[in-house]
Amino acid sequence: MAEALAILLVAVLIICCGNQVRSVKSDHHYKGGDAVPLYANKVGPFRNPSETYTYFYLPFCLPDYVKEKKETLGEVLNGDRLVSTPYKLDFLVEKESEVVCRKNLSKEEVSQFRTAVAEDYYIQMYYDDLPIWSFIGRVDRRGIDEPNEYRYLLYRHLQFDILYNKDRVIDINVRTHPQYMVDLTEDEEVDVEFMYTIEWRKTSTPFEKRMEKYFQYSLLPHLLEIHWFSVMNSCVTVLIVIGILVTFYMRVLRRDIIKYAHDEEVADNQEETGWKYIHGDVFRYPKHISLFAAALGSGTQLFTLTVFIFILGLFGVFYPFNRGALLTALVVIYAITSGIAGYAALSFYCQLEGTNWVRNLLLTGSLFCGPLFLTFCFLNTVAIMYRATATLPLGTTVVIFLIWLFVASPLLFLGGIAGKHRKSVFRAPCRTTKCSREIPALRWYRGTLPQMALAGILPFCVIYTELYYVFASVWGHRIYTIYVILLIVFIILLIVTAFVTVALTYFQLAAEDHEWWWRSFLCGGSTGLFVYAYSFYYYYTRSHMSGLLQTSFFFGYMACICYGIFLMLGNVGFRASLLFVRHIYGSIKCE
């Protein structure tokens, strides 16, 4: 298994690093007058990161021939739609107020531009693979109290400031000139002359370091302070939890284990109570074993996927604006790790004496993909209605289907068959009785939902601070590059989830409730529910997102992400509890 994971890691690194090598390490050498590629990507309201449209969705100047750049799978999934523009930014060629085109904007086009200005539309371009942003206009509110008296101004002049080092492009910035604006307040035809200026300046920054400025925001001292303070706070939380559990183990649990394991005469004469009383039921198989095994298999796959994503992040694959690299990695790794899901699910299913292994594999393959597919169908329909770039083209949909059909599904069944032929049996240190004991009446706070709430709050507090920056990066325009800190927080999350679930499992067994299998899984995964609840808080208080498309995409995909977190941490919680239960019951004498 270890060799297979090593081969998998190498394969993923080769596949996912290819895009990085093309974008950063390729030879971008130019001579004076050479054409340097400039592509317009998309436009959209700044507050809605998912609501983006093609560049020519707005009536900008058209080039003689619109050339569409060939994109990778991840770029298409990311909503990138790169097309050529009428701007000619040849290497070392300066221009002053060059006219792009002269347009007579109709009333409909004026209204379209005015709406875009009112909603703070921005444009994104790429020049020699370097990102550029600019707002298309601004709303003049100075000294005006009534919104219906605001003036809507469109920028018609862009100035490109480009830095170069020898024969390489190092940096580019775009500015707008306040004196070159068109008033679009009134519904009337307007003549507009679009222009641009190019200035070249020499720099000593080497080509290999031209992307470093995009890392600088995450590495600002005050932000690093916040991140490390969050990590220290999480570490203190872990130490407190571990300290409490170790103290409890030494004073209570270890005393019981020693008494039952070594003082046999006392153990035989004394009436059994608490967790030892249910030793004949504690390893009774749970209800719905096929669903339970499928959940463990999917959780194991998602855990492996997360680990590989962190490894690629530490290798620098997901540097800022490596278009679509993260989404490409997610699709490829998820498909390749399907074998792990099949192996983990079916091997455990067979240990629990399950017989319908085909059904279990189908359930494993659809447990996470099924809800994700339904969510995608709904959101893609919304994107089609809006004509947004988030709409997945038919060709890309076919590619993903083929990946699932010819990569993910065969690997799922191969892994399942390997797990089925493992022929391992479930190791239970205690014999299970034929008749199940009746569970005594418990107080309300020992129910499933209160225990899930208690189990999820502490791990969520560990990741709360870092969660904001992840949200601001995924659902905003901030850049997140500190994968080391994120990995540390993830490890702390796993530790706290495992310890908290183990503690709650012990208290459940001490109350003579032997149905701990599903409870440990649900308690471990409950952090995902807290993350989804946090998404409502973030949407309504920390962001300015609005509209049907953005709202649907935010809550739809966050539901899928949090469901994945639920499966992954539920798997961690159950496996930690299983080790604990095996340990304590294997340490005592059970008749």
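Keep in mind that glycine also has a Cβ here, set from the backbone N, Cα and C atoms.
As given in TrEMBL:
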type	residues	note
SIGNAL	1-23	signal peptide
TRANSMEM	226-250	transmembrane segment
TRANSMEM	291-319	transmembrane segment
TRANSMEM	325-349	transmembrane segment
TRANSMEM	361-386	transmembrane segment
TRANSMEM	398-418	transmembrane segment
TRANSMEM	452-471	transmembrane segment
TRANSMEM	483-509	transmembrane segment
TRANSMEM	521-540	transmembrane segment
TRANSMEM	552-574	transmembrane segment
Q) If we call contact 3 or more Cβ pairs under 8 Å (sequence gap 6 or more), are the transmembrane segment (226-250) and the transmembrane segment (398-418) touching? A) no
Q. Would the transmembrane segment (552-574) count as touching the transmembrane segment (325-349), if touching means at least three Cβ pairs under 8 Å and pairs must be 6 or more apart in sequence?
A. no
Q. Taking 3+ C-beta pairs under 8 angstroms (sequence gap of 6 or more) as contact, is the transmembrane segment (521-540) in contact with the transmembrane segment (325-349)?
A. no
Q | Contact between the transmembrane segment (483-509) and the transmembrane segment (291-319) (3 or more Cβ pairs under 8 Å, separation 6+) | A | yes
